[in-house]
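In what follows, a single structure is set out as structure tokens and then discussed.
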Amino acid sequence: MFEARLVQGSILKKVLEALKDLINEACWDISSSGVNLQSMDSSHVSLVQLTLRSEGFDTYRCDRNLAMGVNLTSMSKILKCAGNEDIITLRAEDNADTLALVFEAPNQEKVSDYEMKLMDLDVEQLGIPEQEYSCVVKMPSGEFARICRDLSHIGDAVVISCAKDGVKFSASGELGNGNIKLSQTSNVDKEEEAVAIEMNEPVQLTFALRYLNFFTKATPLSPTVTLSMSADVPLVVEYKIADMGHLKYYLAPKIEDEEGS
């Protein structure tokens, strides 16, 4: 059987909020090393990859590997019934067609027990090649979310230009254009407020803001976000989940001749 207990249950609630608007259903791969999810979004434009390591859970047991087909909207609805302070336990028998979710209030006086039907999903795993990136920008996640939101009022796409001294986000549309430049910060007291850039060569790429705004729903998971870019390969937007793993989004750049469309 599979059983995982998470004292900080709010992490799971935040993960589902970050996934459910982009993906309708996905296969949760459960193994002794942890929980993994990989899925294209419903329009096959972006890819999501989630890792929650077993040691990040307070207790974790997995007797044999499971592939659980989950409707993320349904799971999100059930998790909304959990309080932010609740301890969440996930439980499934080896060949079960349901996943049990148990929410315990911290004072132990209230226990909620839900059972969610699982789905049969035929999922192909895509190999994501490890690679070096020309530009890696680490910045406050709230700042990235604000930039994507602000520029989506101007246009549908953002041009991200990365140089040694800073990173620039630009958008243009019928009402005009907007540019936001963040300089690399050298002496910030708090690491999560810093803008750090590792650059091998300058990069300028265009991305659909609609998808970036979906990705920024993961902002509550991490105070920082990392953007990894190289010419002609998908952008990686990574949110670290403290002591547990990460949530990565992949988005291919828009090709030059598409930009007018």
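Cβ coordinates come from backbone N, Cα and C, glycine included.
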In Swiss-Prot, which of the ranges 61-80, 141-160, 201-220 has the DNA-binding region annotation?
61-80
State the residues, same chain only, that lie 6 or more residues beyond the ends of the DNA-binding region (61-80) and have a CB under 8 A from a CB inside it; answer 'none' if no residue qualifies.
1-4, 12-13, 16-17, 19-20, 23-32, 54, 88, 92, 94, 99, 101, 114, 116-121, 123
Where does CYS135 (disulfide bond) sit in DSSP terms: helix, strand, or coil?
strand
Spatially closest candidate among LYS14, CYS135, CYS162, LYS248, LYS254, the listed recorded positions, to LYS80 (N6-acetyllysine) (Cα to Cα):
LYS14
